[in-house]
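Below you'll find the structure, written out as structure tokens, and then a few comments.
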Amino acid sequence: MTRTTSQETYRTADVAVRGGTLHTAIWGPDDPAAPAILAVHGVTASHKSWAYLAAALPDVRIIAPDLRGRGQSNQLPAPYGMTSHAQDLAAVLGELAPGPVVVVGHSMGGFASLVLADLFPELVRSLVLVDGGLPLQVPAGLSDEEIISSVLGPAAERLNATFPNREVYRSFWRQHPAFSSGWGPLVDAYVDYDLTGEEPELRPATRYEAMAEDTADLHRGASLLKALADLAVDTEVLRAPRGLLNEPAALYAPGYVESWAAKLPNLRVRQVPDVNHYTIIMGQAGAAAVAESVRAALAGH
């Protein structure tokens, strides 16, 4: 493991995993006795998506890796998939927080968090799943590419695009319907971090093949359904009422998450008002709601 310090409450570590190192950020106290959580980002994101939560939880040590194929972990090799991510996350906890810890997963990070809890139960105290973790509602019979288009749309298309400079990429994101209000410096930092390469051929850091393999695994793999069937830890699902493009059709339809809660005694649901799939973590109001759930989980409530 190598470690660097960039500011008082933010530092990074590179944790040895299969094929190389997983770039990992740590916010909060450096005291190993401080409460710690593992934060797992979404399918095309990076650890920078947790900056708002870190600001809302200054007394909590937030350990947030760039998942395999994303951010500064984008050179790690395949295979991807939820089992691979769970193994990487277990390595991070083994190096930085022996556990068990509260694990917070957004979007695809929620799926990886569930599989982590199933494969490494000694590492997970409880789960907070933020608009993710439960099987997605997609029509039967779709190909993997059709599922990617249906669920992710422009988020997936972006990965194959190039941008001449950083300002053009910032402009691309500023026009995104999810950020029509509430844009701020933490979103700027997220967007800037998401680029790799040199001008005029800058491109998003997430590898398309990682996104594609992971999305296929969510729908065709067995690890998620097994993790849900065997769910043994206290789990809260936070649902955003609006979708990836700030549209009224949310990622999960009203009543769908509750139907899973009726089947799984360890699972409960809370809707976070006035947020979409992005701003539930990348906005002050959404992050405050997630922080409330994290504090309750840390307190054992």
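Using the three backbone atoms N, Cα and C, a Cβ is placed for every residue, glycine included.
Automatic prediction, not curation, is the source of TrEMBL annotations.
As written in TrEMBL, here are the features:
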- 35-180: domain 'AB hydrolase-1' (DOMAIN)
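When pLDDT values are averaged over the domain 'AB hydrolase-1' (35-180), the model yields 94. Secondary structure by DSSP for the domain 'AB hydrolase-1' (35-180): 70 helix, 24 strand, 52 coil.
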